[in-house]
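Chemist: Dropping a structure here in structure tokens format, bear with me for questions.
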Amino acid sequence: MKNDDVESPLLAAAAADDDHDVDDNHPAAGSSFALACAVAASLTSIIYGYNRGVMSGAQKFVQLDLGVSDGEIEVLIGATSIYSLVGSLAAGWACDRAGRRRTIALSAAMFFAGSAATAAANGYAALMAGQLVAGVACGFGLVVAPVYIAEIAPPSSRGFLASIPEIAGNSGILLSYIADFALAGLPMSLNWRLMIGIGAVPPLFLAAAALLAMPETPRWLVLHGHHDDARRVLVRTTGGDAALAERRLQEIVSSVKESAKQQVASAGGGGGSTSVWRDILVRPTPAVRRVLFAILGLQFFQQASGVAAMVLYAPRVFNHVGVTSEHAVLGATILLGVTKTVSIVVPLFLADRLGRRPMLLSSAGGMAVSLLVLGFSLRVSSSPGSDSEWWAAATSVAAAAAFMATFSLGFGPVIWMYGSEILPLRLRAQGTGIGTAANRVMSAAVGMTFISLYEAVGMAGTFYLFAACSAAAWVFVYACLPETKGRSLEEMEALFDAAQPTSPAPPSAS
């Protein structure tokens, strides 16, 4: 395989100048390089967030323009998560076969096609076709960005860099809310098409970045025998420290050899993708079983908290509580997007200081309390009498914003960080795909049943259910997840193998 196939042209050109541009005594240069790679990969998350959030404000105009019913819009929105389930499962295979970098470029192409097709739709069937392509792209984006960043980032800054995709995703959601608000006043046959069609522009930049500026990850390169290319990338991510790069390379090589030994020992026969699935689902080691349990539990509880309902149906919630002005509803929705995006910055700086467990526990507790308050205010608003209507509306908006903020402190970004770092190297891409698939199933369940659920048990009762799930999430984190702060990726399997899942292991020095 040629060098250009595993390394970006711009990286290859820059590598020749490393001796002059990078001082061995300034490892911050390596952090800057890893940061640039993480930001480029996170364009995937911005596009995902925009595609996810834009239907919140566009759905009303789609219904009026194309004659789509509430039931059809519920299926359309929920089905996108089912499509992304397919994408997330396929993405693990693509990451392992084609590489992380080229899978990012593939997801960009699908995002472009899906947004363009949806914006041009002239009926419900065409909408579903466009959302099929966009949904598969979303599944790819959810898998490949966390895997790429976890593998390109140095251990000391992995928590910081791994939070960037979640920040980018929330920024994409916020941008979609702003686009909905800004374009709502245009003619109905045009406004929703522009809202959705804008999402076809960023994938062009993502594809260019993936093909021209981003390197392949060292761990994928080692896994496929490209040790020299892996060493070159590691030198850049360590700020030119050749000795440190060589030490990390040997750690990765040792991890790959150990995985290969386990593959040979685990029921001989079958190779490649088949043996990976067997090692994850059929005959996992105790450590892999605990890792998979942790990942699936976190993904389940993230969506069981009802975040998809708030992202996709916030205008309906605010209408229910008495906010009826179109501009007021969209303005309140933008407030949620701003709160979610601003709050997501906090884990960027604290994940590597406080650790993963404290942030997840704080997040789950805050989510449960804010959802209880939201449910109470919704119940008050539905009671007879108008004296409490203004108070209930204000409290509902404030509680929804508090939920978005506490969600973003932990269960938004940290579960992706935690899941991508605890999987063994050989199982990482497809294991991340399984976790993402579980996330998409739960997201689809919430998205496709929210309207029916609140019609059956009431809006307040629905959010009480979400509050109960958030409380259960707190118990799960407290009882089952060890701390991973400061540990290298190669140490994670030993951590889950040696430690009881109910007792957090003390972090090692970076």
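Each residue, glycine too, has its Cβ placed from N, Cα and C.
Residues or ranges marked as domain 'Major facilitator superfamily (MFS) profile' by TrEMBL: 37-485. Residues or ranges marked as transmembrane segment in TrEMBL: 28-50, 104-126, 132-150, 171-188, 194-214, 291-315, 327-351, 358-378, 390-416, 437-457, 463-481.
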Chemist: For the transmembrane segment (171-188), which stretch among 28-50, 132-150, 194-214, 390-416, 437-457 has the most Cβ pairs under 8 A?
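Modeler: Answer is 28-50, with the largest number of Cβ pairs below 8 Å.
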Chemist: Report, as numbers and ranges, which residues of the same chain sit near the transmembrane segment (28-50): CB under 8 Å and 6 or more residues beyond its ends.
Modeler: 21-22, 104, 107-108, 111, 137-138, 140-142, 144-145, 148-149, 152-154, 157, 161-162, 164-176, 179, 198-199, 202-203, 205-206, 209-210, 213-215, 236-241
Chemist: Under a criterion of three or more Cβ pairs within a distance under 8 Å and sequence separation of at least 6, are the transmembrane segment (194-214) and the transmembrane segment (437-457) in contact?
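Modeler: Between the transmembrane segment (194-214) and the transmembrane segment (437-457), contact is absent.
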Chemist: Is the count of Cβ pairs under 8 Å between the transmembrane segment (390-416) and the transmembrane segment (358-378), pairs 6 or more apart in sequence, 3 or more?
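Modeler: The transmembrane segment (358-378) and the transmembrane segment (390-416): touching, yes.
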Chemist: Answer with yes or no whether the transmembrane segment (104-126) touches the transmembrane segment (463-481) by the criterion of at least three Cβ pairs under 8 A, sequence separation 6 or more.
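Modeler: Answer no: the transmembrane segment (463-481) and the transmembrane segment (104-126) share fewer than 3 Cβ pairs below 8 Å.
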Chemist: If I count Cβ-Cβ pairs under 8 A between the transmembrane segment (291-315) and each of 104-126, 132-150, 358-378, 437-457, which range comes out on top?
Modeler: 437-457
Chemist: Between the stretches 132-150, 358-378, 437-457, which one has more Cβ pairs under 8 Å with the transmembrane segment (104-126) than any other?
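Modeler: Per the Cβ count, the answer is 132-150.
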Chemist: State the mean pLDDT for the domain 'Major facilitator superfamily (MFS) profile' (37-485).
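Modeler: Over the domain 'Major facilitator superfamily (MFS) profile' (37-485), the predicted model scores a mean pLDDT of 86.
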